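Presented below is the structure to which this report refers.
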Amino acid sequence: MRLYNTLGRKIQDLHPIKPGEIGVYACGPTVYWFAHVGNLRTYVFVDVLRRALARSGLKVKLVMNVTDVGHLSSDADEGEDKMLIAMRREGKTAYDIARFYEEAFVKDLGRLNILPADAMPRATDHIEGQIDMIKRLEKNGFTYQTADGIYFDTSKLPEYGMLSGQKAEDKKAGARVEMGEKKNPTDFALWKISPSTSSGHKREMEWESPWGKGFPGWHIECSAMSKQYLGAPFDIHTGGIDHVPVHHENEIAQTQGAEGVLEANVWMHGEFLTVDGGKMSKSLGNLFTLDDLMSRGYDPLAFRYFCFGAHYRTKLNFTWEALTAAQNALNRLREIVRGWDTPGNVGCADHENAFLAAIEDDLNTPEALAAMWKMIEDASLPTSARSRTVLFMDQVFGLKLGEFIGKPVEVPEDVKMLVQAREAARKAKDWKESDRLRDEIATRGFTVEDGLHGPVIKKA
Ligand code: AMP
Ligand code: ZN
């Protein structure tokens, strides 16, 4: 398999550290709100990666963290902890909020047929490991203390910036950075001393540490937990493209400073899902959750299918029209395989190879989809062979096509009669009656479409 590595910016052959096995760490959600469909695009990408690796014969261990403390409202060290913002909004405890949104996230993953991670460690359950790592950084001379915390001194690590190619000086010249007592603009918090120590104000999430009561910075959890669950270095680290300049740069620095090794060999980043060509945001009213899609009648797997239409390293623009097109394509796919024979013993090697060539070329899902449709429409092959091959491809696509193959829709007699009556009304150009009958059919859980060769009945 060939994958694009952000570190080094090139496509390269994959060489697992331990032959036959592969460790993948996916930066997980910050559980202070529902995941939006942009977040979910990133996890669909990770799932395709994981399934493609497993299909190629590797034993995959996927670890996805849950950020339930320390992620401030900017990805750097400014603003408030996102959990505290949610506490104020909802009048609940930070832990109640974290568990509620974690559960909602896991439910979304299930609805998208994203396979569960082998471990989903929470930051708040791994405070000790994070403190240990900060202690090692301290011992190795990479930290300094300010009034509000312990910081990583990026000037002590000559390789800092290796992922984004961004140098500390560039940052100084560029964006406005809240320096506070920081020595360098790229320095970042490892441990934040909670205000309770100085002002008597009590923070709900805080822990004892050698530097005073407080809470970890956002980045340290990923370095500490990835090491605990996968070792250092491990094989593949994933996340959204926004993680390149800050979060992942800082993770690399921490592991380098504490363990003296590169955190992960391959770094993969999914591009953003945009809406109307721009950023999704609540204030613009264009931020959608999976529930929003479902309440408009879309199948979550239609969103999954929609994601495959663009390579993970290109932007994908979300529109309702595009989602409708994906839903229609998925419906058509299901209808087609319903009419097929169950899988035989032989598939279609040429089509399978075309599909694999696309997937193993840095997860080229648009080409893999095209290969699937080409196979589906290849009438020279018996449907039993096509069934087998579509299942082969669905190991990676995860569209649950197995639930549809060889299962024609069974239409009850009363629905058949209503459809006949509707045909008669249409022939008589009685559109009012024909519409009424369509609604009547819908109340029984079926839809009827006017196909080229007569009405096509589908389960709604
Ligand atoms: P968060 O919960 O904010 O930590 O984000 C979870 C994941 O979603 C991270 O990997 C982000 O990089 C990713 N992400 C955030 N916004 C988008 C977007 N619009 N499109 C794709 N991925 C995104
Ligand atoms: Zn992370």
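Placement of Cβ uses the backbone N, Cα and C atoms for every residue, glycine included.
As recorded in TrEMBL, the features of this protein are as follows:
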type    : residues                      : note
DOMAIN  : 15-327                        : domain 'tRNA synthetases class I catalytic'
BINDING : CYS27, CYS222, HIS247, GLU251 : Zn(2+) binding site
MOTIF   : 29-39                         : motif ''HIGH' region'
MOTIF   : 279-283                       : motif ''KMSKS' region'
BINDING : LYS282                        : ATP binding site
DOMAIN  : 354-378                       : domain 'Cysteinyl-tRNA synthetase class Ia DALR'
DOMAIN  : 410-450                       : domain 'Cysteinyl-tRNA ligase anticodon binding'
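Secondary structure at HIS247 (Zn(2+) binding site), taken from DSSP and collapsed to helix, strand or coil, is helix. CYS27 (Zn(2+) binding site) sits 22 Å from LYS282 (ATP binding site), taking the CA atoms of both as reference points. With a cut-off of under 6 Å between the Cβ and any atom of ligand 1, the binding-site residues CYS27, GLU251, LYS282 reduce to CYS27.
Cα to Cα, GLU251 (Zn(2+) binding site) and the residue listed as 'ATP binding site' are separated by 29 Å. Helix, strand and coil residue tallies for the motif ''HIGH' region' (29-39), in that order: 3 helix, 1 strand, 7 coil [DSSP]. Here LYS282 (ATP binding site) is positioned 23 angstrom away from HIS247 (Zn(2+) binding site), judged by their C-alpha atoms.
Using a 10 Å Cβ-Cβ cutoff, CYS222 (Zn(2+) binding site) registers 29 neighbours.
All chains included, 27 other C-beta atoms sit within 10 angstroms of the C-beta of GLU251 (Zn(2+) binding site). Same-chain neighbours of the Zn(2+) site beyond CYS27, CYS222, HIS247, GLU251, judged by a C-beta within 8 angstroms of the site's C-beta center, are, in sequence order, ASN65, TRP218, HIS219, GLU221, SER223, HIS237, GLY239, HIS243, HIS248, ASN250. Around LYS282 (ATP binding site), a 10 Å sphere centred on its CB holds 9 further CB atoms from the protein chains shown. Comparing the residue listed as 'ATP binding site' with CYS222 (Zn(2+) binding site), their Cα atoms are 27 Å apart once rounded. All protein chains considered, the CB of CYS27 (Zn(2+) binding site) has 22 other CB atoms within 10 Å. CYS222 (Zn(2+) binding site) carries a helical DSSP state (H, G or I).
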